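Participant: Per Swiss-Prot, the feature active site, nucleophile maps to CYS384; the stated evidence is sequence analysis. Here Swiss-Prot flags HIS510, GLU512 as active site. Sequence annotations record features per position, and here Swiss-Prot assigns UTP binding site to SER17, LYS190, THR191, LYS192, PRO193, THR194, GLN195, LYS226 based on sequence analysis. The ATP binding site annotation in Swiss-Prot covers SER18, LEU19, GLY20, LYS21, GLY22, LEU23, ASP75 and is backed by sequence analysis. The domain 'Glutamine amidotransferase type-1' annotation in Swiss-Prot covers 295-537 and rests on sequence analysis. Sequence annotations record features per position, and here Swiss-Prot assigns region 'Amidoligase domain' to 1-269.
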Amino acid sequence: MRSKKTKFIFVTGGVVSSLGKGLASASIGALLENRGLAVTLIKLDPYINVDPGTMSPFQHGEVFVTEDGGETDMDLGHYERFTNARMSRLNNFTSGRIYHAVIMKERRGEYLGKTVQVIPHVTDEIKSSIRQAAQDADVVIVEVGGTVGDIESLPFLEAIRQMRYDVGNENVVYVHLTLLPYIGAAGEVKTKPTQHSVMKLREIGIQPDFLVCRTDREVPRELKDKIAMFCNVDTRSVFTSPDVRSTYELPLELHRQGLDERLAEVLNIWSRAPHLERWENIIRKVYEPARGQVRIAIVGKYVNLTESYKSLNEALLHGGIANDVKVNLHFVDSQEVEEQGAEKLLAGVDAILVPGGFGVRGTEGKIAAVRYAREKKVPFFGICLGLQMAVVEFSRGVLGLSSANSLEFNEHTPHPVVTLMESQVKVQDKGGTMRLGSYACALKPGSLAHQLYGQDTIQERHRHRYEVNNAYRSKLQEAGLVISGSNPELNLVEMIELADHPYFIGCQFHPEFKSKPFAPHPLFSGFIRAALAQRDANAAAGKVTE
């Protein structure tokens, strides 16, 4: 009789960071979900910040926003894109959040005068957080951030070590990701870093049950046998995670090696045979699109670190999947647009996207990109700050308010067409205080937005402090700006568009957070469809996209 008690899969990493633990965890979740199991995923981050909301995109990359307003690690985006699990703030815990909870309990006297220590109080809080997020899942996949050996990770590793004894040996497995480097001078793949990484993990008290080795080449059976022997792991539980052209190929690759079957066997989980046809179809459209390619310009501030736009990049890829076309992303530094001009940097692209962001640097370049898209009739999509920059550009270029700006960038502008939300005026703290999470948006019948969504009211995720100033709403509409989406409760502007443009749309929310490869977001599907039409029009006019 196979057990139906909740199973826990703990994923750790060694040797170096950025091995792809998040993608490996998401792939495991996808495979087990395809076998009929209910899965959820949790990310444990060792840093002291309560959440990544106030961290620089250059340090942390994207901040992924959940439905309930959690500002979380970008790996939660992988989890949502690869599985049907809906993430919340309970799916991401940091050292800062854990320690804050422990200290608050101590202040309330919940420890009954005891000396508060890492063991058991901090580790108990970590375990409690894991159980809280587990809910009714058949399988809980817990990714521990950082690298084995990092001092910050020790409380988390101790907590997951204890979990095996708390919930039963048969209900826990440890999956360890390592690196198998190839030394060109020797012509060999070296296993020693993996051996030492496992040794470090065993010193903490964790014996990995599975090894997933990152590599850029095929690993022969003899090498896997060697790794198994030195690391005390069953040969059948040694797998490789090779370099793949698309991250969506990874579940198929791990299934080909039998990882999901082996996990089900070791954990004694009943599961059906996997159905991976839709993954295979996705890969076909990514690798062999039937309709060629389009070139999309992303005009932003963080273009030198594209991880800052991870969900955005993926959502554009999903739009390509929906239209069976390859999407080539052309990242353009908005400050360079200021210096060199939009005509020089954006000529020949099939569509232009201005994403969210913070700070004044490069904003005039974004406004110039909007102007170029509006005047040249190039498909345009503005997200969050991108919508605000579109309103500023329209106010300057169409309304004739040459000094129009956002109060975020010019506190003394005579025409603050974008202003601080009323609820934000008295806010002093930075962390977790923006308008965060899912809010309703009522769509204007007959608008492009209504046509794309096919709904009267939608729910989308937000992360902002500034909004279009309703004092200018009537003037903007009279001049031709269509306000196609509004928050029904506060009457905030949520979506804008231009009726006399092939595709000009802006949204105050972040639709990229809800896009999946199997369910591309309608705004991205429509945007790429418009880019295709622009490409074909350029070709007919003798213009060639680079």
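Each Cβ is built from the backbone N, Cα and C atoms, and glycine gets one as well.
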Participant: For the UTP binding residues given in the record (SER17, LYS190, THR191, LYS192, PRO193, THR194, GLN195, LYS226), what is the largest pairwise C-alpha separation in angstrom?
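Facilitator: Maximum Cα-Cα distance: 24 Å.
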Participant: Need this for a regression test: recorded positions LEU23, CYS384, HIS510, filtered to those with Cα within 10 Å of SER17 (UTP binding site). What's left?
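Facilitator: Qualifying among LEU23, CYS384, HIS510: none.
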Participant: How far apart, in Å, are the two Cα atoms that lie farthest from each other among SER18, LEU19, GLY20, LYS21, GLY22, LEU23, ASP75, the residues recorded as binding ATP?
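Facilitator: Among the residues the record ties to ATP, max Cα distance equals 13 Å.
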Participant: Compute the mean position of the Cβ atoms of SER18, LEU19, GLY20, LYS21, GLY22, LEU23, ASP75, which form the recorded ATP site, and then list in sequence order the other residues of that chain whose Cβ is within 8 Å of it.
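Facilitator: Other same-chain residues near the ATP site: GLY13, ALA24, SER25, HIS78, GLU143, LEU177.
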Participant: Rounded to a whole number, how many Å is the Cα of LYS190 (UTP binding site) away from the Cα of HIS510 (active site)?
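Facilitator: For LYS190 (UTP binding site) versus HIS510 (active site), the Cα atoms are 43 Å apart.
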Participant: If you measure GLY22 (ATP binding site) to GLU512 (active site) at Cα, how many Å is it?
Facilitator: 18
Participant: Given CYS384 (active site, nucleophile) and LEU23 (ATP binding site), what distance in Å do their CA atoms have, once rounded to a whole number?
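Facilitator: If we compare the Cα positions of CYS384 (active site, nucleophile) and LEU23 (ATP binding site), the gap is 27 Å.
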Participant: When the Cα of THR191 (UTP binding site) is compared with the Cα of each of the recorded positions SER18, LEU19, GLY20, ASP75, HIS510, which one is closest?
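Facilitator: Of all the candidates listed, LEU19 is nearest in space.
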Participant: How big is the gap, in Å, between the Cα of GLU512 (active site) and that of THR194 (UTP binding site), rounded to a whole number?
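Facilitator: Their Cα atoms are separated by 36 Å.
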Participant: When DSSP is mapped onto helix/strand/coil, what comes out for SER17 (UTP binding site)?
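Facilitator: Reduced to three states, the DSSP call for SER17 (UTP binding site) is coil.
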Participant: Need one number: mean pLDDT over the domain 'Glutamine amidotransferase type-1' (295-537).
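Facilitator: Across the domain 'Glutamine amidotransferase type-1' (295-537), the average pLDDT comes out at 94.
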Participant: If H, G and I count as helix, E and B as strand, and all else as coil, what does DSSP give for LEU23 (ATP binding site)?
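Facilitator: Looking at the DSSP assignment, LEU23 (ATP binding site) belongs to a helix.
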Participant: Of all the recorded positions given, namely LYS192, PRO193, GLN195, LYS226, HIS510, which is spatially nearest to ASP75 (ATP binding site) at the Cα level?
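Facilitator: Nearest in space to ASP75 (ATP binding site), counting only the recorded positions, is HIS510.
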